[in-house]
Amino acid sequence: MKLTCVLIIAVLFLTACQLVTADYSGDEQQYRAMRLIDAMRNFGDTRSCGRRGKPCPCCRGFRCTGSFCRKWQ
């Protein structure tokens, strides 16, 4: 009887832990490098620049597309 109660409480506790942490992990990516690449991509897309075709002052390797900096390919 005691073992059954302990098992039920353990299962309920583990289920509650999973439900609590599930809300926080929905929008996160698993790998830090992927988050960094996405952050740099978003950072470059939101930086304003001067004239079209000129290097962006914010980031090395980015060029002005007319109004925003983008990675030069």
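Every residue gets a Cβ built from N, Cα and C, even glycine.
Per Swiss-Prot, disulfide bond is recorded for Cys49-Cys59 (among others). Shown in sequence order, Cys56, Pro57, Cys58, Cys64, Thr65, Ser67, Phe68, Cys69 are the residues of the chain, 6+ apart in sequence, with a C-beta less than 8 angstroms from the C-beta of Cys49 (disulfide bond).
There are 21 other CB atoms within 10 A of the CB of Cys56 (disulfide bond), with all protein chains counted. Look at Swiss-Prot and you will find Cys56-Cys64 (among others) tagged as disulfide bond, backed by a curator's inference.
For the recorded site, Cys69 (disulfide bond), the DSSP three-state label reads strand. Summarising the annotation, Swiss-Prot assigns disulfide bond to Cys58-Cys69 (among others).
Under the heading signal peptide, Swiss-Prot lists 1-22, citing sequence analysis as support. Long-range neighbours of the signal peptide (1-22) within the same chain, counting only residues 6 or more positions beyond its ends whose Cβ lies under 8 Å from a Cβ of the stretch, are absent.
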